[in-house]
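As structure tokens, the structure follows; a few thoughts come after it.
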Number of protein chains: 2
Amino acid sequence: MRRRAMREEAEAVDVATLLPPIRDADDAISEAFLAAVEAGLAEGPSDELRARLRDLHEADMGDLLEALPAEARVRLVETLGADFDFTALTELDETDRVGLLSHLPPLMVAEGIRTLESDDAVYILEDLDADDKAAILAHIPAPERVALQRSLDYPEESAGRRMQTDFIAVPPFWTVGRVLDYVQQTDDLPETFYEVFVVDPAYHLMGAVPLDRLLRTKRSVLVTAVKTERVQVVKASEDQEEVARTFERYNLVSAPVVDDAGRLVGVMTIDDVVDVIQEEADEDLRALAGVGSDEELSDTVAYTAKSRLPWLVVNLGTAFLAASIIDLFAVSIEKMVALAVLMPIVASMGGNAGNQTMTVAVRALATRDLGSHNARRIVLREVLVGLANGLALACLLGLIAALWFGNWQLGGVIACALVINMLAAGLFGILIPLTVHYFRQDPAVASGVFVTTVTDTVGFFAFLGLASLWFHLG
Amino acid sequence: MRRRAMREEAEAVDVATLLPPIRDADDAISEAFLAAVEAGLAEGPSDELRARLRDLHEADMGDLLEALPAEARVRLVETLGADFDFTALTELDETDRVGLLSHLPPLMVAEGIRTLESDDAVYILEDLDADDKAAILAHIPAPERVALQRSLDYPEESAGRRMQTDFIAVPPFWTVGRVLDYVQQTDDLPETFYEVFVVDPAYHLMGAVPLDRLLRTKRSVLVTAVKTERVQVVKASEDQEEVARTFERYNLVSAPVVDDAGRLVGVMTIDDVVDVIQEEADEDLRALAGVGSDEELSDTVAYTAKSRLPWLVVNLGTAFLAASIIDLFAVSIEKMVALAVLMPIVASMGGNAGNQTMTVAVRALATRDLGSHNARRIVLREVLVGLANGLALACLLGLIAALWFGNWQLGGVIACALVINMLAAGLFGILIPLTVHYFRQDPAVASGVFVTTVTDTVGFFAFLGLASLWFHLG
């Protein structure tokens, strides 16, 4: 009886009166809040829970949806109805977003999408399959639909897909006062904006006036007199990675987007770019490890396994190449089995050193810090670093190997082999990404396998070859 | 005579009348522009070159300085004098920035720094050694010096170091009209701002009004009526990584910074955060490859070699561990040398698969996408992915090995060993980062060496052990 009462009390605390905090100490959605939401969805949510869910920031709602099982996500959106802010969907993994949307009535999705800023609407629509997309677009009135369709016609990952199509553009003969009045009196302005654009009658961009400058200028001044002319402009067809680099380099908060004819068609803002910067750095990291750039935590076992397999098959090929080098010296190994014991050390040290150099090179190429003006110096530096660390480690490795096998000559041979392989690691660790980049390929994707191939084959060949010569094992 | 004239003409084109474009097709500083600048510095720059350099965007000036030799940098800054925008120094590598500043007169640096926004001034000062810093600060008048000093007193990489200390704060009883008039009539406002803060007399933050909302509100309305109350606040002592996550999650453009007593002391803006996001992603990538997070392209050979050596020494340790496993089976290898030829394949495949899993886990932990709510599912997924790819690759590897050595049993043994190692790679590739994260350490730094140790030892032990048992080699 006592237990029953306590449990009821605990439940009352959970669901009705005092909702647990949404995030735990680790900054993830808390188990307690998750349980409260699931209970609320099962029994019909209390007013307090409903109010709490309605007021959640889109980012928290997104994380909450991710943490819920797939069926509960659908129920949550349906329960909240018009109170559900579709912006939260932009925070979901692609798989989860597409899955959730396919279980919601197209009319409801269409209504939710109409409340969004145009870039978010496009982001949500772009990954859907053609039928779902058409069903939803059919419920959106013509002018809005045409605008969305136009953005969707730009290539994937282009500025045209990421831009906001709502912006404020004024003619050059307006005064600052008139612009301020216009902003104050017009209703359907973009939700947030940081600058007002000045355009000619054909919508060609003439300049931009940041809001803070607008505020600091006398009302009687013409906008054309205070506009910045050297505006960093983004082309709608430009790749988002290119756009991110421009934002980063010039510390932009927003930038006008123009079409091929130079007409203003939208604006890109920093919040979209932050995601791109994050994605691009992630892509490099994944590519270096041989993981597909579109892999997500929500992917299934089958999808994940299939996407990682090709890289492993390539590595199997290079591993066989290394094995065939070893096979050349099978007779030597039979005569002196210590060679088999020690040979992976030389290869692995070279692999690690090559990986260090390559990682630095790949990122420096991605951020354009490494280019023709400093390539020669960096190549030389990496070779000398390889040589320096090679000499230091060779002393250590040679000493340990000599003591282990009681054979000073073996220690000398492995030390020499290590220096050779560390030199090769430094040289090819930088030359390979530079070469891949020169041929306009992504060095993050293709360099790793080449560098490992070099350090494995050079490592085995140098050690086994030197040993065979020195000890006359051949 | 003819040649002389042509050369003069060419020089005229380079330096005087038609300067080459600053960036080449690869988006790096062009060799031609670099040559023109170096020539100009040697002979005294033409008016056109001087004008061009004066008007360069800080980002372009930063890249230009990086591309020039160290002595030329000093000469360039001295040549431009008061026309040189010290903001460009924030774009330099730390080593280059510190080197350049140590060659400039402290008075000149002090004057340059006074023209900067406070966050940029702190950024430039913080890396200098104590003497240089004191010499420069001595030339800065008391009120500004105290403000800089206060920012410098916050811990490294904290919001206090990155914040702007210029901001607009108004009392709650002001009307929107009064705020607009204040902004229009006051001279020493921050260079750019995106919101106006509402504070009580003790400077406790009461809310914020974004500029666009200010513009859209009637002049007679009180600011307190239009302020956003649910402002994402940053603590001055907070780590910049934490701040970046908040900006990213809530798509912020600026956020107020408060001290421990809740008083408004500054504002962080997205442009500083973008750099932090980039840095953090870079740090993960470098850590995974065993490269120090502070390594820069401008570092010397000695510094680079020294900073990369510890990781290589740790790897030497794990390589010896793997070698000692092989040594256990020295007798088996002597009897069947094919084992030595094939054994690196099993270890290397496991290493690659483990690296894939680990990379995904490390990034998911860093972005808080992986947490207690989904850890179990992801561990299971990774194990199953390891099993699936292990089975697929085992067939391939077994077949090739059997054909190569004309020994079907050897093919079977290596296939079994590969499945075991791929399972271990999936399991430990995810468990190790999770465990490191659980103990509040950075999984990017520590996981790699553990995962490689597991896949090497399991790989050699499984293959050599199974072979010894099967072929009775022991």
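Note that Cβ sites are derived from N, Cα and C of the backbone, with glycine treated the same way.
Taken verbatim from TrEMBL:
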type	residues	note
DOMAIN	B:227-283	domain 'CBS'
TRANSMEM	B:312-331	transmembrane segment
TRANSMEM	B:337-362	transmembrane segment
TRANSMEM	B:383-405	transmembrane segment
TRANSMEM	B:411-432	transmembrane segment
TRANSMEM	B:444-471	transmembrane segment
Point to revise | Tertiary contacts of the transmembrane segment (B:383-405), as residues 6+ beyond its ends and Cβ separation under 8 Å | key: 338, 342, 345, 349, 353, 357, 411-412, 414-416, 418-427, 429-430
**Study point:** Within-chain partners of the transmembrane segment (B:312-331) [C-beta distance under 8 Å, separation at least 6 from its ends]
**Key:** 290, 339, 343, 347, 449, 452-453, 456-457, 460-461, 464-465, 467-468, 473-474
Review point. Same-chain Cβ contacts of the transmembrane segment (B:444-471) under 8 Å, 6 or more residues past its ends?
Key: 283-285, 287-290, 311, 314-315, 318-319, 321-322, 325-326, 328-329, 332-333, 335-336, 339, 342-343, 346-351, 353-355, 358, 361-362, 366, 409-410, 412-414, 416-418, 420-421, 424-425, 428-429, 432-433, 436
Point to revise | Average pLDDT across the domain 'CBS' (B:227-283), rounded to a whole number | key: 86
Check your understanding: In the domain 'CBS' (B:227-283), how many residues does DSSP assign to helix, to strand and to coil?
Key -> 24 helix, 16 strand, 17 coil
